[in-house]
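Asker: Would you mind keeping the following structure in view while I ask a few things?
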Amino acid sequence: MSSAEPYTPPPLPSPFTNTTPPPQLLTQGAEAHLYKTVFLSPSTPAALKVRPSKPYRHPILDRRLTRQRILQEARCLVKLVREGVNVPAVLALDWEGQNTEKGFGGAWLMMEWVEGLVVRVVLERWERWMKRNQGSSGAEELKEEENWVRDLLRRIGRAVGALHKAGVIHGDLTTSNLILRPPGHVGEQADTGESSPSMEGDVVLIDFGLASQSLQDEDRAVDLYVLERAFGSTHPRTEPFFEEVLNGYRESYKGASSALKRLEDVRMRGRKRSMIG
């Protein structure tokens with residue numbers, strides 16, 4: 001059997017085809033590619049999100065949808081920065097609506113680069129450390145570790161509360177879309193396996209590709225439900241502490257009570273769907 005051919009991303013938008021150093025591809029999704037690049041000077045890192053054109057769509061519809069989605073994401077980010085929510089700042093954006101060549105016609109959004117680890121990685125490291133040390137560490141040390149993770153979850157809840165207070169719905173709230181930015185914005189922490197990961201720092205929300213502006217409690221509740229399900233499927237040791245997320249949510253958002261009441265309804269519908277299959 002022949003090996004699969006290496007993935008070749010679509011061409012970069014024209015402003016970045018001759019950038020030195022070239023943008024570094026970090027992740028690729030169905031709708032967008034994320035690169036690490038620089039902004040104005042080599043010493044200023046930036047995140048570049050590229051939405052390539054879709055060759056299977058009619059060109060006019062493709063340009064309209066791509067432009068609409070990149071603008072919606074940028075508007076949500078600008079609004080959140082203005083409201084003091086921890087999200088990447090928008091540095092620049094553009095779309096190539098007049099370029100109908102194959103591989104172009106897409107759009108791009110350049111944002112502030114956020115140092116740190118995604119919360120998913122932090123919690124996975126913490127859970128591995130807890131599993132290794134469950135029998136060898138004392139009760140006080142394990143309790144202290146639990147307190148650290150509880151505090152992190154409360155900060156996550158406060159970040160989501162600030163998001164919803166500003167009238168923005170994330171649309172894809174998972175621990176992969178949260179970054180723990182360490183104090184002083186230092187680089188990534190190495191995983192030595194010898195100690196539990198640091199949980200100090202600010203929680204920054206990222207990836208607003210599915211975000212929208214809404215004041216509906218139903219939308220807020222669905223956001224929270226998606227995050228709750230993400231904990232259940234990805235972080236089994238941390239899931240029992242999820243109530244701390246909701247406690248932090250209550251602390252930062254005065255309208256939390258009605259949103260959390262609606263969350264109960266959303267949970268009920270989710271359980272019914274699971275039973276029906």
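The backbone N, Cα and C atoms fix where each Cβ goes, and this holds for glycine too.
According to Swiss-Prot, the protein has these features:
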ACT_SITE  Asp172  active site, proton acceptor
BINDING   Leu26, Thr27, Gln28, Gly29, Ala30, Glu31, Ala32, His33, Leu34, Lys49  ATP binding site
COMPBIAS  7-23  compositional bias 'Pro residues'
DOMAIN    20-277  domain 'Protein kinase'
REGION    1-23  region 'Disordered'
Asker: Of all the binding-site residues here, Leu26, Ala30, Leu34, which one's CB has the most other CB atoms within 10 A?
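Answerer: Of the binding-site residues Leu26, Ala30, Leu34, the most buried by Cβ count within 10 Å is Leu34.
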Asker: What is the interatomic distance between the Cα atoms of Ala30 (ATP binding site) and Asp172 (active site, proton acceptor), given in whole Å?
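Answerer: Their Cα atoms are separated by 14 Å.
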Asker: Provide the number of Cβ atoms within 10 Å of the Cβ of Gln28 (ATP binding site), excluding the reference atom itself.
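Answerer: If we count other Cβ atoms within 10 Å of Gln28 (ATP binding site), we arrive at 15.
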Asker: Could you measure between the residue listed as 'active site, proton acceptor' and Leu34 (ATP binding site) for me? Cα positions, answer in whole angstrom.
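Answerer: Per the Cα atoms, the residue listed as 'active site, proton acceptor' and Leu34 (ATP binding site) stand 16 Å apart.
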Asker: How do the residues of the compositional bias 'Pro residues' (7-23) split into helix, strand and coil according to DSSP?
Answerer: 3 helix, 0 strand, 14 coil
Asker: Taking only the residues the record lists as binding ATP, namely Leu26, Thr27, Gln28, Gly29, Ala30, Glu31, Ala32, His33, Leu34, Lys49, what is the largest Cα to Cα distance between any two of them, in Å to the nearest whole number?
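Answerer: 14 Å is the greatest Cα spacing among the residues binding ATP.
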Asker: Starting from the Cβ centroid of Leu26, Thr27, Gln28, Gly29, Ala30, Glu31, Ala32, His33, Leu34, Lys49, which together make up the recorded ATP site, report each further residue of the same chain whose Cβ lies within 8 Å of that point, ordered by sequence.
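Answerer: Filtered neighbour residues, in order: Val50.
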Asker: State the count of C-beta atoms found within 10 angstroms of the C-beta of Asp172 (active site, proton acceptor), not counting that atom itself.
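Answerer: If we count other Cβ atoms within 10 Å of Asp172 (active site, proton acceptor), we arrive at 16.
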